[in-house]
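Trainee: Annotations per TrEMBL:
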{"type": "COMPBIAS", "residues": "1-12", "note": "compositional bias 'Acidic residues'"}
{"type": "COMPBIAS", "residues": "20-35", "note": "compositional bias 'Polar residues'"}
{"type": "COMPBIAS", "residues": "36-46", "note": "compositional bias 'Basic and acidic residues'"}
{"type": "COMPBIAS", "residues": "52-62", "note": "compositional bias 'Polar residues'"}
{"type": "COMPBIAS", "residues": "63-72", "note": "compositional bias 'Basic and acidic residues'"}
{"type": "REGION", "residues": "1-98", "note": "region 'Disordered'"}
{"type": "REPEAT", "residues": "415-446", "note": "repeat 'WD'"}
């Protein structure tokens, strides 16, 4: 709109008033100069000159006031035009804001990650941590939904209780009693199947940091190395006791740590012919049956073990005569023991599962060694860390899966993972994907979706 065309009359009037004011001011100036030239006149002429001067000033002031009034009118008109424009823009902004209210509310729940600036920064190359920031965000975890189901060729009511991604994350290995299968999960294709003797069951299996190698322990008291390319297995160890769990470390890709019912921790180098015994765990001069072992991601020499004992014990393989430290809850009973223990992403925390109490989160940097702990997650079984910096705790409870934000009481997700019972949880090493298995005839992959936020029901308690 052209506002100048709406005020022509006022503009002409302003020009007339300004001309009158200029004329009056010129007359006043000429009278003043004449009076100055006739200073020798009488007092009467001085009085007349003063009167004339006053009249000229009065006329000038009157004209200036008229001009000021006209200018004031024009300024008020301009201000009203600006105010009208600003109000229109404010109304427009309010309408746009109202349209974005659901989006803004969504962002408030995941304030640590905003999709628009993150994507823009990635496109211009100023956000190299895009993947890690998204993986750790509430935005990703709150939107977990079932995306894929992987169906083995012949399950026959067998339970899938071992899941493991390789270090690249492109392959998923799982064991079904006497069979090991490997899937290219992104393509939904089962690329490798390795059958084992009918009377031998797989107890644990781990990808080695090397490509195409899988180590597994079985009920025949042996540990084997499986070469996927050649489709052959090599017996690494055979003893009289069972080895329940295995552990590997990326800095020592040829070394496997194992532990089991004989209370011993063995170091197996696949390049050597014989394993090395590191220690035999005892408590009050009695052997401790071990059911869990894990390596510190930040220190290849440190590992922790757990079993039929009230505490988690950590050791340095260079000096195994005494534990580096022990962790346990102060209110543990005599009949309670640890079923599993795992490090977080940098080895500063340990998540321990007790047979009847739930999960305990220990921070070894701040937790005293006399039985204190950081958090307790009740009414759940074993759990894992989730996120690039272990920002979340994922736990299973019968047929449900619970996800907590670490160090808080808030439950981020509570989803049904199996019709009967969830038996295994495995997180992807690089992106926010969770693999689960149980009594159902499939492996489920949970992926962050763009859909609605999941609706959660009540879940177990968290104690601090």
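Cβ coordinates are placed from backbone N, Cα and C, and glycine is handled just like the others.
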Trainee: So, by DSSP, how many helix, strand and coil residues make up the repeat 'WD' (415-446)?
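Mentor: In the repeat 'WD' (415-446), the DSSP-based counts are 0 helix, 18 strand, 14 coil.
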Trainee: Could you tell me what the rest of the chain brings near the repeat 'WD' (415-446), counting residues at least six beyond its ends with Cβ under 8 Å?
Mentor: 131, 134-135, 140-141, 144-152, 155, 157, 159-165, 167-169, 172, 174, 183, 185, 382-387, 394-401, 454
Trainee: Would you mind giving the whole-number mean pLDDT across the repeat 'WD' (415-446)?
Mentor: 93
